[in-house]
C-alpha cells in the first residue's frame, strides 16, 4: 500500500503558487484495508475516503472506461492491482497528472507534466480526454487561472475540444456543472481566457450562447475602439476581475451586462439603442437554464438595466436617481450599490485605451446613496407621522438629501 499526493497540490507547489485542498491516491489497497485503518468511505461513484484525523480525501487508484454519453457514463475499476501510472492516465491534463510519494517526496511524472509546467502549456494527458465533456469547461477555466502566468493551450488539446463541440458531446453537460465552472472562472484573474478558449473551440455557442452571440457585433468606434462587442465583453470581464479580485458576483454581472447588444437589428448597427432593456430577457433565460443563484441573478439584472444610467449619473435628476436606488432595492440591500458601481466601472474601463481611465460616477453613486440611506423611517415616525405619510415623507427627505449631497460635492 503506497500513498501519493496528486493533482492540484503538486502542480501548485511546482508553480510556487498557493495550494488549495490536498488530494491523495492510494495504490495497492482495497476498501476493507482502508476502513481497517480508520478511513471513512464517502464516495458514491468512486472509492473515496476521509482520513481519520486530517479529514483529507484519499481515493483508491482507479481506471475509468467510457460506457455511455456524458460525464457520468463511466465504469470504474478500483482493484488493488491498478497502478499509479494507470490512475494518472485517466486525469485531464499533464500538469494535474503528477504524483509525489508521501514518504520520500519523489515525483512520479509519467506524462511529462513538469515539462509542460516549465513550458507553460496546458495539454491533455491522453485520448480519453474526449470522453468527458466537463474537461472542455475545465480547460477553459484553467486557462482563466493560468493565462496570467503565461500559459497557452496546446494545439492538439484545442483540436480535441473543437471535435467535442462538433460531436454534440457538450449537449450532455448538466447545468449545475456548467455554473460551477463558470463561477470558478469568474473568480480567476483572467476570465477572458475562459471565454476565448471556449469561443475558439466553438463551444461557447453551446455553453453560453447568449454571450457567444456578442462576437462579431460592432459598436461605435468613438466609444468602443475595440469595436467587436465580444472583445469588449472579454475586456470588461478582465477589468471586473482586476477591480474586484475573486468576486464572481460582480464578475457575473459584468459578463452579462451587454447581452442585449446581440439582439440589436443589424440595420441599426453600430448603435444599440435600448440594449439595456433588450438584455434582460436573454439574461433571465441564461439564469434559468444554469440555475444561477438568486443573488447573482438580481445583481446581474440590475447592472443590465441600470449601467447606462450610472454612466450618465450627473445628468439624472434627484428624483430619478432616487428611483434608481429604489429599483436596486438599495435601502434594504445597501451593498448592491458598491457592487453596481464596480460593474459599471469595469464596463467603462473595459475598452481599448480606457483601461486606466477615472470613473468618478462610481464614487458619486456611493456618496449620494449614503446620503439618502442616512434618512430612516424611525426618525419620521418619531415626528408623529403615520402610515402612508411616513413613506411619502421618507421619499421626499431622501431626495432632499441627495440634492444636498450633490451641492456639497459639486
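Using N, Cα and C of the backbone, Cβ positions are placed for all residues, glycine too.
As recorded in Swiss-Prot:
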- 8, 11, 91, 138, 141: CTP binding site (BINDING)
- 8, 11, 91, 138, 141: ATP binding site (BINDING)
- 21, 23: Mg(2+) binding site (BINDING)
- 229-347: domain 'HD' (DOMAIN)
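Structural mapping of features recorded in Swiss-Prot.
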| residue | record | Cβ neighbours (10 Å) |
| --- | --- | --- |
| 8 | CTP binding site | 17 |
| 11 | CTP binding site | 22 |
| 21 | Mg(2+) binding site | 9 |
| 23 | Mg(2+) binding site | 18 |
| 91 | CTP binding site | 24 |
| 138 | CTP binding site | 19 |
| 141 | CTP binding site | 24 |
Between residue 8 (CTP binding site) and residue 21 (Mg(2+) binding site), the C-alpha gap once rounded to whole angstrom: 8
Counts by DSSP class (helix H/G/I, strand E/B, coil) across the domain 'HD' (229-347): 91 helix, 0 strand, 28 coil
Where residue 23 (Mg(2+) binding site) falls in three-state DSSP terms: strand
Check: same-chain CB within 8 A of ATP site center, minus 8, 11, 91, 138, 141: 7, 92, 93, 95, 96, 142
Distance [Cα-Cα, Å, rounded] between residue 138 (CTP binding site) and residue 21 (Mg(2+) binding site): 17
For residue 141 (CTP binding site): DSSP state (helix, strand, coil): helix
Between residue 91 (CTP binding site) and residue 23 (Mg(2+) binding site), the C-alpha gap once rounded to whole angstrom: 13
Rounded inter-Cα distance in Å - residue 21 (Mg(2+) binding site), residue 11 (CTP binding site): 12
Distance from residue 23 (Mg(2+) binding site) back to residue 141 (CTP binding site), taken between C-alpha atoms, in Å: 19
Span of the ATP site, taken as the largest CA to CA distance across 8, 11, 91, 138, 141 (Å, rounded to a whole number): 16
